[in-house]
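Not my notes, these are from TrEMBL:
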BINDING   B:33, B:79, B:210  Mg(2+) 3 binding site
BINDING   B:33, B:48, B:79  Mg(2+) 4 binding site
BINDING   B:49, B:50, B:127  Mg(2+) 1 binding site
BINDING   B:50, B:79  Mg(2+) 2 binding site
BINDING   B:57, B:253, B:298  substrate binding site
BINDING   B:126, B:127, B:154, B:212  ATP binding site
BINDING   B:213  Mg(2+) 5 binding site
DOMAIN    B:31-145  domain 'PurM-like N-terminal'
DOMAIN    B:158-260  domain 'PurM-like C-terminal'
REGION    B:280-303  region 'Disordered'
């Protein structure tokens, strides 16, 4: 389907804002049937895609466009961080309602661009369309690289490994609760994907996942992939000052890294919060202070 | 945001239907934070993303789910074909309305899968969500490879080159016109991306683009990227028996390849339809039998 007038303007805006010259890594960015990437030799390619859909992942009345743009890219970058990857290129598919004020689009792209610049990732292509409804629809694709064979996975945790988490937990959930209750927030939470730590962990972590769905849910994924159990020590959880223990255990969108290691990890990098145990039949994947902790990953906008 | 019950079922269905063991090229498919790809050495990576949005790119009352799934993948594969690439992996982001019958999803995935198998491309990941509206929303990402430096671009056409097109033009537009008028069609048009021809053209074509928006629009893109003009010979257009000349000139979704070459291309591969000319100030990009032909790429569902 050929672009409509509004879509042509959007494409022009994106091209202008994200204009790049060919580099050693990106031989062709926006402007052909495909982008052409030339990853460094000896690397493997990491790929992740993440939707950002209005009224599912954000609400226009609660989240400023700049914050939505930042988070849209952060979701994909955090997946790269969890694999220990270096960002290579981003692709954005964006469908906008006909009546969307152009200021929204501008601020969304600005939010996305400033995180892209800080993370040294280039927007190398994507797709645009007019949204079939009044909803803003985005899908972000991230490609990254890591030396072949060094990418971190969810599946390598071993009994005896310590469980670690970066940063503090629960801030995003606590803030969203405030917003949903009609409260104001001084500064919107802008998650910072842990790319530098992820790269450091390539040789240190046995398994890694990013905290997008909440600790209880994401640790369950890690345990299932690694075929192990986990015991959490609740007193050691690095809970954000604004958050409750419940936010820290089940709140989503923290975008911190949850990983396991047999090595001692410095406190400056991450906090130890528990141990990996041998699997046992009919035992829950996770216990916290000895009590079963089912995955209760938390949902934004229940329908 | 953690998956909901329906979303978990969808993920399970996709995982089961597209289950793959690690291969030399895809070290990790669905099931981690990112997929891990290991493209052959000496290749560059081609990347394209394409939306398939209900009421923009298809209509549920006109297009069977299987056909929508086929076309969703075909759109991306055709972009790879236009660059001369070999498909490496596909990623599908899919948001479905809560009340969508599971048969729709099954048939959509079947349509996508049978083209994936025929094209030897693996679904290696993606994202799922509940659609915020009653609309089905998909975004397909295709990665391909080509020997470094051999990818075809839109930008290499030279004055004196012949213009060629594969297959026949206008069938998709003619069929859609029938469907929109309430008519029935015996078999739905299933475009076959020209991957094998695209690879052959790497050493023969000077520029290439796929016909997704219609000949007049896509040839304009090629001329603009190559900084040339084009003269079409209308009598030579390979018009599909069901289509009009207008369908062939401006109809979208043919997914044939439009390319330029200084070599003689056999009739079995493509039909010569015109010549590339030197650019001239204030002259239109395209003339057909000497008369200016503005881009009139055709739209499915005008709003």
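Backbone N, Cα and C atoms are what each Cβ position is placed from, and that goes for glycine too.
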Nearest to residue B:48 (Mg(2+) 4 binding site) by Cα distance: which of the binding-site residues B:57, B:79, B:127, B:212, B:253 is it?
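Closest candidate to residue B:48 (Mg(2+) 4 binding site), judged by Cα separation, is B:79.
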In terms of Cα spacing, which of the binding-site residues B:33, B:49, B:50, B:57 are within 10 angstroms of residue B:212 (ATP binding site)?
none
Spatially speaking, which of the binding-site residues B:33, B:50, B:79, B:253 is closest to residue B:126 (ATP binding site)? Use C-alpha to C-alpha, please.
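Its closest listed neighbour, by Cα, is B:33.
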Out of B:33, B:57, B:154, B:213, B:253, which of these binding-site residues is nearest residue B:50 (Mg(2+) 1 binding site) by C-alpha distance?
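It is B:57, whose Cα lies nearest.
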Measuring Cα to Cα, how many Å separate residue B:49 (Mg(2+) 1 binding site) from residue B:79 (Mg(2+) 3 binding site)?
9
For residue B:127 (Mg(2+) 1 binding site), write down the residues of its own chain that are at least 6 apart in sequence and whose Cβ falls under 8 Å from its Cβ; none is a fine answer.
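Within the chain, residue B:127 (Mg(2+) 1 binding site) has Cβ neighbours under 8 Å at B:93, B:94.
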Using residue B:213 (Mg(2+) 5 binding site) as the reference point, find which of the binding-site residues B:33, B:57, B:79, B:154, B:253 has the shortest Cα-to-Cα distance to it.
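Nearest by Cα distance to residue B:213 (Mg(2+) 5 binding site): B:253.
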With DSSP as the yardstick, break the domain 'PurM-like C-terminal' (B:158-260) down into helix, strand and coil residue counts.
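Residue counts in helix, strand and coil order: 38 helix, 18 strand, 47 coil.
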Per DSSP, residue B:79 (Mg(2+) 3 binding site) is which: helix, strand or coil?
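DSSP assigns residue B:79 (Mg(2+) 3 binding site) to helix.
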Express the distance between the Cα positions of residue B:253 (substrate binding site) and residue B:210 (Mg(2+) 3 binding site) as a whole number of Å.
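For residue B:253 (substrate binding site) versus residue B:210 (Mg(2+) 3 binding site), the Cα atoms are 9 Å apart.
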B:33, B:213: which of these binding-site residues has the sparsest Cβ neighbourhood within 10 Å?
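Lowest Cβ count within 10 Å among the binding-site residues (B:33, B:213) is B:213.
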What's the CA to CA span in angstrom from residue B:33 (Mg(2+) 3 binding site) over to residue B:57 (substrate binding site)?
29
DSSP three-state call for residue B:154 (ATP binding site): helix, strand or coil?
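It is coil.
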Once the chains shown are all counted, how many other Cβ atoms turn up within 10 Å of the Cβ of residue B:49 (Mg(2+) 1 binding site)?
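Other Cβ atoms within 10 Å of residue B:49 (Mg(2+) 1 binding site): 25.
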State, in Å as a whole number, the widest CA to CA span among the ATP-binding residues B:126, B:127, B:154, B:212 given in the record.
31
Which whole-number value in Å describes the distance between the Cα atoms of residue B:154 (ATP binding site) and residue B:210 (Mg(2+) 3 binding site)?
10
